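If you look up Swiss-Prot, you'll see 1-141 marked as domain 'Globin', on the strength of sequence analysis. What Swiss-Prot records for K7, K16, K40 is N6-succinyllysine. What Swiss-Prot lists as phosphothreonine is T8, T108, T134, T137. The feature N6-acetyllysine is assigned by Swiss-Prot to K16. Positions annotated as phosphoserine by Swiss-Prot, on the basis of similarity to another entry: S49, S102, S124, S138 (among others). The O2 binding site feature in Swiss-Prot is assigned to H58; the stated evidence is sequence analysis. Annotation source Swiss-Prot lists heme b binding site at H87, citing sequence analysis.
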Amino acid sequence: VLSAKDKTNISEAWGKIGGHAGEYGAEALERMFFVYPTTKTYFPHFDVSHGSAQVKGHGKKVADALTNAVGHLDDLPGALSALSDLHAHKLRVDPVNFKLLSHCLLVTLANHHPADFTPAVHASLDKFFASVSTVLTSKYR
């Protein structure tokens, strides 16, 4: 459960990302594909090379979904319901991949905003990504 302080940390951290959210989403995807190559199996139709338009496009989708979630921290299940259905029933993404992408997002954000990435912000963002992952996998059952 996200505390009031977590919600503040998340909103402030995401606010500092500003117009770079899509760029950071793509960078996190590239990092995931490189570090965890088995994740590429869910994107056989993608050019997963550095800087590809498809990775950039999907990175923007990831970032937009997270931006939506940040705007609905009190109702993540409602905000992410359609995405949960998509990933569980159509795409059938292995739930472990959400954790892998979450880790890559944390690394990407820490790399771009080291001064703002305090232990408290790190913990809050980690809880947020874990909450998003839980919601996205909730309809697998």
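Note that Cβ sites are derived from N, Cα and C of the backbone, with glycine treated the same way.
Calculated from their C-alpha atoms, the gap between S124 (phosphoserine) and K16 (N6-acetyllysine) amounts to 15 Å. When the alpha carbons of T137 (phosphothreonine) and the residue listed as 'heme b binding site' are compared, the span between them is 8 angstrom. Of all Cβ atoms in the shown protein chains, 15 besides its own fall within 10 Å of the Cβ of T8 (phosphothreonine). Annotation note: K40 (N6-succinyllysine) sits in a helical segment as assigned by DSSP. Among the modified residues listed here, namely T8, T108, S138, T108 has its C-alpha nearest to that of H58 (O2 binding site).
The least crowded of the modified residues S124, S138, judged by other CB atoms within 10 A of its own CB, is S138.
Sequence-distant contacts of K40 (N6-succinyllysine), defined as residues of its own chain at least six apart whose C-beta falls under 8 angstroms from its C-beta, comprise F33, F46, V48.
Of all the modified residues in the list K7, S49, T108, S138, the shortest Cα-Cα distance to the residue listed as 'heme b binding site' is found for S138. When Cα-Cα distances from T134 (phosphothreonine) are compared across the modified residues K7, T8, K16, S49, S102, the shortest belongs to S102.
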